């Protein structure tokens, strides 16, 4: 998977180049096997497994108890390939299936995107796609609640592509990559590129994704060559088409085929769980369970035996769930009750039952996402849901939305928890793939270095120059906050120096580097960390 690297401009770019992958999937720190479980009836089990010698040679049958049998492939074989080879499908049938999928997919695209513009904000730029009209890139701000553009800079608007006026002339293709099938549309007739002299163009990749009832969204936009772009648009309704429904986790999972036992012989177990929910692997032995019935709530499933004792929650639990929640947010799996996809800038209180592989309740997780782009994780078996509003107790869309209270959480703050003597630990995570923590750490390092080599007067000159010609909004905000923390420390240092030597001249506006180094030892590492933690970066600036 390709990850795009971005570099955020710092106070002195030569000293601290900051980098972070944009929406890069979080790798599972503990390698866990992933499985895709499918269920067939008695007749299919006999025909496709028991009486198919090539299949039987590729794996073995395991009795799972409760009249449940499953066929598991050997590590060196692929069950899907064997089953596909055993099915006699003609080339004409396969071609017909591909053609049908493409036609139905294109119809879905027109039905769901007709006369509706969608946008995607990536730092300085906003990308807006109005199907049948244009795909543009511009600088401005978006009211995430109303979808209205605010303060659009008309001098920074670039048309990346314009679809053909005649719908019949628009060209769609059904393509395949490492993840699965998607529908591709090439849109040309964009603005002339200053570098190449050619028209800008964009390929739009329509894929299955998002919440079952959520809106269509732009997942990412990237420039693959100069003035040539790719954009991925997720449309939940495309998941109703079999070829488009398979996601990356399913492709990488080891398939298991099980015989469906009679319902009367089984209770609540993994069959009920998997047939009611779509499992999406988040890493660290944790799955996001998305219900097929939209009236049901999302759940989190734990398959890691290391997280089986919920009466003694250790730091490992928080680390693994922190990684899993980060990936859940980056994949945009959570939808608000109004259909809005939860994204950076929103705040909410979100609850989810944590269950094991047999759908047995373990505890309840509370995810509290704050306006600061930080989030708190709480575990408590006594948390209660508001039955009318799914997983949410409250939510707020962006900075412009009004907070919508959906209910009250049991023991929702530390004071209540401590008074009631109920265990409900918290763990701080970051919703932007550790970018905030990395920036805070490197700001501390730069602040400490600048205190050693630059006088307060020289620091003021540097900041004044940056204020006059800042490279972007992020740098301006970063500079102002760093300046504030540096000034506070410099004032303390000046007072200490005055007390140590009343006779020392205060008329000098510069210091020798060697002298500065000897005078800054009063800043301990803990002090630097505390100052860095106070540096706050709003989402809009990122």
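Positions of Cβ are set from backbone N, Cα and C atoms, glycine also.
Given the ranges 465-496, 497-528, the record in Swiss-Prot names 497-528 as region 'Disordered'.
Looking just at the domain 'MRH' (115-241), the mean pLDDT is 83.
Neighbour counts of Cβ atoms within 10 Å were compared across the disulfide-bonded residues 70, 130, 227; the minimum falls on 130. When the recorded positions 52, 74, 137, 380 are compared by the number of other C-beta atoms lying within 10 angstroms of their own C-beta, 74 comes out lowest. The binding-site residues recorded for this entry are 125, 137, 200, 223, 229, and the Cα of 200 lies nearest to that of residue 193 (disulfide bond). A 10 Å cutoff on Cβ-Cβ distances gives residue 258 (disulfide bond) a total of 22 other Cβ atoms nearby, all chains included.
Taking only the Cα positions, the spacing between residue 70 (disulfide bond) and residue 137 (mannooligosaccharide derivative binding site) is 51 angstrom. The shortest Cα-Cα distance between residue 117 (disulfide bond) and any of the recorded positions 194, 229, 239 is the one to 229.
Using DSSP to sort the residues of the domain 'MRH' (115-241) gives these counts of helix, strand and coil: 8 helix, 70 strand, 49 coil.
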